[in-house]
Amino acid sequence: STEAFAHVPHLRHLDLSSNRLRALEENLFSDLAELEVLLLYNNEISSVDRTAFENLGRLRKLYLGQNRIARFPLELLRDGSRLPQLALLDLSANRLHSVPVGELQALPAWLRDRLYLHANPLACSCPLFQLVARGRRRQLSAVVDFLEELRCLPPAAAAAAAPVGILSLAGQQPLNCSEAREAVLEAHLGDSVTLGCDTRLRGVRQRHWVTPGGERVLEEGGNGSAALLANGSLQLRALRPEDAGTYACWVAGPLLNETLYVELLVHNFTLHGPHDTLNTAYTTLVGCILSVVLVLIYLYLTPCRCCCCRGAEKPPAPRDDSINSSVLSTTPNHATGVPGEPCRSRSASATGPGQNGRFKVGGTPQAPPRHGAKAQRKVSDPDSVSSVFSDTPIVV
């Protein structure tokens, strides 16, 4: 019952394994503020209340293996607020079909080192493969000690299909998972980055970083562009091309030492480079479109000067008070013209006699009698008129 431990507030170890517990009720262990180890494996637990482990600020080891838990109790690990001292969580041999891979990968390595998930019917996926592959590369106990039992069910497999090893998913169909690179950061020139020293050791007494150039960055300070933070991370400011390379974090624990390697890739362009390139391409495209529009305006909206061009190609013909003078000239060419009269009327009225008031395309009208001072004018070329008017004869 919820009041079973009210009279033992100083209890440090509690073993309730191999019973027939089916559920963990709310605030079940809240009276055990000094509890450090809790064994609940080999029961029939299928539901865990979110407040079942409240007020267990000193709990270091929690064994929930060999039960019927189908949902991963992520609240036990998130932010470290519920169980701040927890260093071991055993969820093996339960009924977990999926786990929050992204959030588990963000946990510190010292906690993932004791997070046991083997012997669960997990669904195969590439993120799950990468989580296990990183654990093997880091030699985490939860992966190395139970490598053969870390298996998953292939997608769309029959109910009787046998599970496969999670690490065997590399390059195999149908998932064809690829190896994820460990601790590789990418940055641009001028950026500031922080390299994390994700050690699996707790109670670290001393740590320092070694740059690709062999320079040591100690706790008491940095070398100007590099500084060691309080949590053991290395901060690099105003990245330069020579900052690229492999950084080593040397950690001294209470029992053994560990060295971590972080590879940093520095791209030789700033973060705003691609945007500038896009803006330049966009400006070039707009310029090309504008040029095409201007060419079209010049070709189709400017006044036609074909008559003048054609007149320049052949010798000028004799000009007189003819059709051309009434069409192409801006001022009247004879005294008998009526100001403001349309060009077509002038063209028709200027046709020679004997043509029954019609203008004959292709023919040369007879020159009218020459009288007065205007007798020196010549008859224009009728071909130039055909470029202005249509081929249909004009009838007045």
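Note that Cβ sites are derived from N, Cα and C of the backbone, with glycine treated the same way.
Taken straight from TrEMBL:
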| type | residues | note |
| --- | --- | --- |
| COMPBIAS | 323-334 | compositional bias 'Polar residues' |
| COMPBIAS | 382-396 | compositional bias 'Low complexity' |
| DOMAIN | 174-261 | domain 'Ig-like' |
| REGION | 314-396 | region 'Disordered' |
| TRANSMEM | 281-301 | transmembrane segment |
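Only residues 6 or more beyond the boundaries of the transmembrane segment (281-301), in the same chain, are considered here, and none has a CB under 8 A from a CB of the stretch. Secondary structure of the domain 'Ig-like' (174-261), assigned with DSSP and counted as helix (H, G, I), strand (E, B) and coil, comes to 3 helix, 35 strand, 50 coil. Mean per-residue pLDDT, taken over the domain 'Ig-like' (174-261), amounts to 82.
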